[in-house]
Amino acid sequence: MKNKSAQNEVVSTDNLSFFQKYKWAFVPLLFAVALYFNTLNHGFVLDDKIIFQDKGVTSGLSGIAKIFTEKNLPEAQNIKPYRPITGLSFALDYQFFKNDNEAKMASNLHLMNVLYYALALFLTFILLLKLFKNRNIAIAVSVLFAAHPIHTEVVANIKSRDEILAYLFGTIMLICFLKFKESNLKKWLYASLSFYFLAILSKENAILFIAILPFINYYLSLEKGFKAFALANLKLFLIPAILYLMLQRIILGMNLMPQMTELDNMLVGISNPAENLATRIYIVGFYLYKMLVPHPLFYDYSLNYIGKKSFASPEVWMSLLAIISIIVLTYKGIIKKNKIAFGMVFMFITFSLTCNFFIAIGATFAERFAFTPSLGFVIALVYLLFELVNRLKLKQVYLLLFIVPILSLYSFKTITRNANWKDNETLFVHDYNQSSKSLRVQNNYAAILYQEAKTTTDTLEKKRLYLKSIEILDTVTNQYDIYIEAYIQKGIAYLELKNCEKALINFEKARSIAKYNPVVEANLGIGYINCGRPQDALTIFSKLLKNDNLLQDFYLKHIGVAHFNLKNIDSAEYYFNRLKNDYPNDVEVDSYIKLVADFKKGTIVAANSSQVQTSTPINTALYDEAYKLYQNGDKNKAEKMLFDFTKTNPNHAMSYAVLGLISDEKQQFGKAIKYYKKSIELNPADYRIQYNLGNTYLKNNNEVEAVKQFEKTIAIEPSYINSYKSLELYYKSKNNVEKTAFYSNKIKELGK
């Protein structure tokens, strides 16, 4: 059987419109959307929310200058990142998609990730068509690349958008460079330089795209000799690279690589040079294996997942053999201008900074680092299959016999893996059950057990979950005895079990490792309050109030509590009033002020009942979980959890307030009124609940009570404009011109 040669598949695109040239590029684009469509209902996962810690991002369009002139995005991969284009993309999201409903906000950001990814696949097809002039190859490579499961972290984890943007702009850079070589028009050269700069500003790894240009020149015979090419072209691309490095130094300073720990990259803990080298070789081999067989996949491969290796380890020699074989075959392929070798070169170039072989970075291993290199891998794979079909003298249609099964497996794995990224609980539980080797995976799973314990009302099950969480954390700290977060979590769990001795031992151990860390100090302070050592707690929180500006309300509250437990009632009253003054929306402050007033009246007589206990700043209680469910639209589950919570916490005003909101939204107005009244009884100073009650009265056709309620809200908080607006609308509907004008003028005054 005569084979159809590659030349017969060469596509001429001269004199065609853009759509005619690139209509097939919509195949990988739409395929990418289909593959990741099931991520659109996902929430924030891992450190996604960290992007909103940057004030430039949360300022929207008005924060653009701050994004480009200040450090943006918190430290990641142990590098201080200067990634203003990525920051800009998040600022645009915040500007146009900001939503108080966390689920909707997350959904919008996931949508943008999918769209950026789909656009990257559209451009990938165009690049491949320009490089290889073969439509079948371009389609095969781009759809396999779209489906590769190792990309799931990059697309499903919002914060990993920097990888997508760097790849996207890097791809455009290469396309524009090829256009420049085709047309010799300078505008394409300038465009290529500009997009190269944008790629680096998205993520610094993109600086390596410059190294791909000489190989493109060699393979396509654009110019004779490397020296001539370098003098004519390459030197120009050094300008944006150097400019970026200068900006990075100016804006971030000289110390770009903060100190790494073994938990970040286990290579740090391997002092023996031979073992360190053996482990690096294994890591490179493991990346190659994961690109070939992307199963199983994990969100974390840190300490203990990949163990220390030596040259006595068979897997090290297998990795070394694979690496040397690929390098030798690639070298021979380069001489023959073999396309398989081109794919390997692309992979190794884009891989060189993140594979941990040449430099140790802030992570031992991560799937996101294989995102851009995997294009080179897929190019090599498709051309390998293409060569096999040609050698067997088969028609190119038989290429599908190899491509379709691989594509099906990739797609199935990608779609199912996406589901694991739905939220932290789903991801942490799934990956722990797949493999619990990583200490970070164990630590995060223990946190999930803690949260389950907090939300269950079954006393025995609650205790079992706390003890199981502690058991896992003991395993973690036994293997890595300076894991601060694990000690904190153990301390918190022991507090819940009323085991003060062990709680304080763990908090103090965390403190001895961290030296001085506000989160560690705050947890220790809470431990002291709950364990009857208010004087020690007072010392800690007074220092935190002085030195840390982030949680001033939290520190004020606990200083007040410590004074109250020491029977320094006047001091407690001072700090609670200061808290009320500075943070009028704090839902707990009124209950503390009432506590002091009751004590002064003599209504609290038992010594034990005058001891206030508090909860930790870094863990959510049942109420917080329920409120999150309410925000995400799961009203029924939130209602049940809040109802259970009020059984054990009958004086928590906000629980009744949220139950009122849920009942109101279900149009159960009588029930809502009952809950709002209970909330107001516990916390009459909360004008928001007073206002909500008025609205519900109005919906329940009780206009008289509604008006009274709105007037009461104004009496409590005269600056709350919604009360005036509601009264204006009410009197307008009654044709009461005088009252309407009165409230209309009030609204104008407040607007000023």
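Using the three backbone atoms N, Cα and C, a Cβ is placed for every residue, glycine included.
Taken from TrEMBL, the feature repeat 'TPR' applies to 484-517 (among others). Cβ atoms under 8 Å from those of the repeat 'TPR' (484-517) belong to residues 439, 443, 446-447, 450, 453-454, 463, 466-467, 469-470, 473-474, 476-477, 523-524, 526-528, 530-532, 616, 618-619 of the same chain, restricted to positions at least 6 beyond its ends.
Residues or ranges marked as repeat 'TPR' by TrEMBL: 653-686 (among others). Remote same-chain partners of the repeat 'TPR' (653-686), defined as residues 6 or more beyond its termini with a Cβ less than 8 Å from a stretch Cβ, comprise 587, 590-591, 623, 626-627, 630, 635, 638-639, 642-643, 645-646, 692-693, 695-697, 699-700, 716.
The repeat 'TPR' annotation in TrEMBL covers 687-720 (among others). Under DSSP, the residues of the repeat 'TPR' (687-720) split into helix, strand and coil as follows: 27 helix, 0 strand, 7 coil.
Remote same-chain residues near the transmembrane segment (21-39) are listed as 13, 110, 113-115, 117-126, 129, 135, 138-139, 142-143, 145-147, 155-156, 411, 414-415, 418-419, 421 (criterion: CB distance under 8 Å, separation of at least six residues from the stretch ends). If you look up TrEMBL, you'll see 21-39 (among others) marked as transmembrane segment.
Below 8 angstroms of C-beta separation, residues 11, 13, 22, 24-33, 36-37, 39-40, 89, 138-139, 141-142, 145-146, 151, 154-155, 161, 164-165, 167-168, 171-172, 174-175, 178-179, 216, 219-220, 339, 375, 379 of the same chain, each at least six residues beyond the ends of the transmembrane segment (114-132), sit close to that stretch. Among the features that TrEMBL reports, transmembrane segment is placed at 114-132 (among others).
Counting residues 6+ beyond its ends, the transmembrane segment (139-158) has Cβ neighbours under 8 Å at 24-25, 27-28, 31-32, 35-36, 39, 42, 44-46, 48, 51, 106, 109-110, 113-114, 117, 121, 124-125, 128, 164, 290-291, 294-295, 297, 299, 366-368, 370-371, 374-375, 378-379, 381-382, 399, 403, 406-407, 410-411, 413-414, 417-418, 421 in the same chain. For 139-158 (among others), the entry in TrEMBL reads transmembrane segment.
Taken from TrEMBL, the feature transmembrane segment applies to 164-181 (among others). Panel annotation: around the transmembrane segment (164-181), residues 85-86, 89, 113, 116-117, 119-120, 123-124, 126-127, 130-131, 154-155, 188-189, 191-193, 195-196, 198-200, 202-203, 205-206, 209, 212-213, 216, 220, 222, 233, 371-372, 375 of the same chain, lying at least six beyond its termini, place a Cβ under 8 Å from a Cβ of the stretch.
Among the features that TrEMBL reports, transmembrane segment is placed at 193-216 (among others).
Residues or ranges marked as transmembrane segment by TrEMBL: 236-256 (among others).
Residues or ranges marked as transmembrane segment by TrEMBL: 277-296 (among others).
Here TrEMBL flags 316-334 (among others) as transmembrane segment.
Tertiary neighbourhood of the transmembrane segment (341-363): same-chain residues 76-79, 205, 208-209, 211-212, 215, 219, 260, 264-265, 267-268, 280-281, 283-284, 287, 301-302, 326, 329-334, 369-370, 372-381, 383, selected by CB-CB distance under 8 Å and a gap of 6+ residues from either end. Sequence annotations record features per position, and here TrEMBL assigns transmembrane segment to 341-363 (among others).
Feature annotation from TrEMBL assigns transmembrane segment to 369-386 (among others).
Residues annotated as transmembrane segment in TrEMBL: 398-415 (among others).
Secondary structure counts, DSSP: the repeat 'TPR' (484-517) has 28 helix, 0 strand, 6 coil. Under DSSP, the residues of the repeat 'TPR' (653-686) split into helix, strand and coil as follows: 27 helix, 0 strand, 7 coil. Per-stretch counts of Cβ pairs under 8 Å to the transmembrane segment (236-256) identify 193-216 as the leading one among 193-216, 277-296, 369-386, 398-415. Using a Cβ-Cβ cut-off under 8 Å and counting only residues 6 or more beyond its ends in the same chain, the transmembrane segment (193-216) has close neighbours at 79, 81-86, 131, 162-163, 165-170, 172-174, 176-178, 222, 226, 229-230, 233-234, 236-241, 243-244, 248, 334, 342, 345-346, 349-350, 352-354, 372. A Cβ distance under 8 Å defines the sequence-distant neighbours of the repeat 'TPR' (687-720), meaning residues of its chain 6+ beyond its ends; these are 653, 657, 660-661, 664, 667, 669-670, 672-673, 676-677, 679-680, 726-727, 730, 750.
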